[in-house]
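Per Swiss-Prot, these features apply:
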type	residues	note
BINDING	Gly38, Pro39, Ser40, Gly41, Cys42, Gly43, Lys44, Ser45	ATP binding site
DOMAIN	5-221	domain 'ABC transporter'
Amino acid sequence: MPESLMNIRVDRKAFAGNTVLQDIDLSLQSGEIVSLLGPSGCGKSTLLRIVAGLEQDFRGSVDNIEGEVAFVFQEPRLMPWLTVEQNIGFSDDAGYDRRWVGQLIEEVGLSGFADALPKALSGGMAQRVAIARGLYSHPTVLLLDEPFSAVDAFTRMKLQDLLLQLAERHAITLLLVTHDVDEALYLSDRVLVMGSRPGTITQQLPVGLQAPRDRRDPLLARLKAQALTELHQAHII
C-alpha cells in the first residue's frame, strides 16, 4: 500500500448559507493520480481550493501534507509583460533558478521559447508554461482545475500524455478536476464521481491501467461504460 500523503475531510462548506460540499472524506496516496469527475456546480473546484489552502472557511481539515502544494488553473494566467522564463520563476521572491527553469522549459516541450511573451504562444503552449510554473516549487502535490478544457482535442491528448510523463518523472501526486470521462479514465489511478446539491463523493472507480497507457486499450472502453452507468445511477447524466 503506497504511503498516505494527505487526508482531506470536509464535513461542510457553505456559501451564503447554502451547503455546496458535505461529507467529503478523501485520502491521497504518494505518487497517485486522482480525478474528480462531476457536473458543473457540484463543488469540484471548491474542493480543490480547499486542498490548496485558498478556501479556509469550511468545517473539516486537510492533514498530513508533506512538501509543497501547487495549483494549475483552467486558464494559464500568465503575466503578459513577462517572458516564458520569467513567468515560470515568477513566484520565487529570492530570484528564480534559471537552470531549473531551463530544464522545465525543455521538459514541457518549449525549447527555444524562453524569451517569448505570452502573446506569441498558442493556448496549448501557454498551458505548458502554466504546468512548468506549477512544477517550479518542486511540489509533492499538483492540483489541476480543468487544465485542458480550453484547447482542441489533439492538443488535449498531447498535454495529457505530457502530464503523465511529468508526474512519473517528478514522482508527484496529482488531483485533477475534469468534466471529461475519457480524460479522467486515461489519466487516473482512481476516479471519484461527485454528485451535487450538496456536492459529495458518490462513487469511487479504480482504473488500474499499466504505464505507458494506450488509448486503444479495451479496458478503457469497459471502464467508460462502468463510469457512465454510475453517473446515470447517481442521476448526474
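Cβ coordinates come from backbone N, Cα and C, glycine included.
Ranked by how many other Cβ atoms sit within 10 Å of their Cβ, the binding-site residues Ser40, Ser45 place Ser40 at the bottom.
The local packing around Pro39 (ATP binding site), expressed as other Cβ atoms within 10 Å of its Cβ over all shown chains, amounts to 17. Cβ contacts within 10 Å of Cys42 (ATP binding site), excluding its own Cβ and spanning all protein chains shown: 24. The Cβ of Gly41 (ATP binding site) lies under 8 Å from the Cβ of Ser196, each on the same chain and at least six residues away in sequence. Proximity of Gly38 (ATP binding site) to non-local residues of its own chain (separation of 6 or more, Cβ distance below 8 Å) is seen for Lys44, His179, Val193, Met194, Gly195, Ser196, Gly199, Ile236, given in sequence order.
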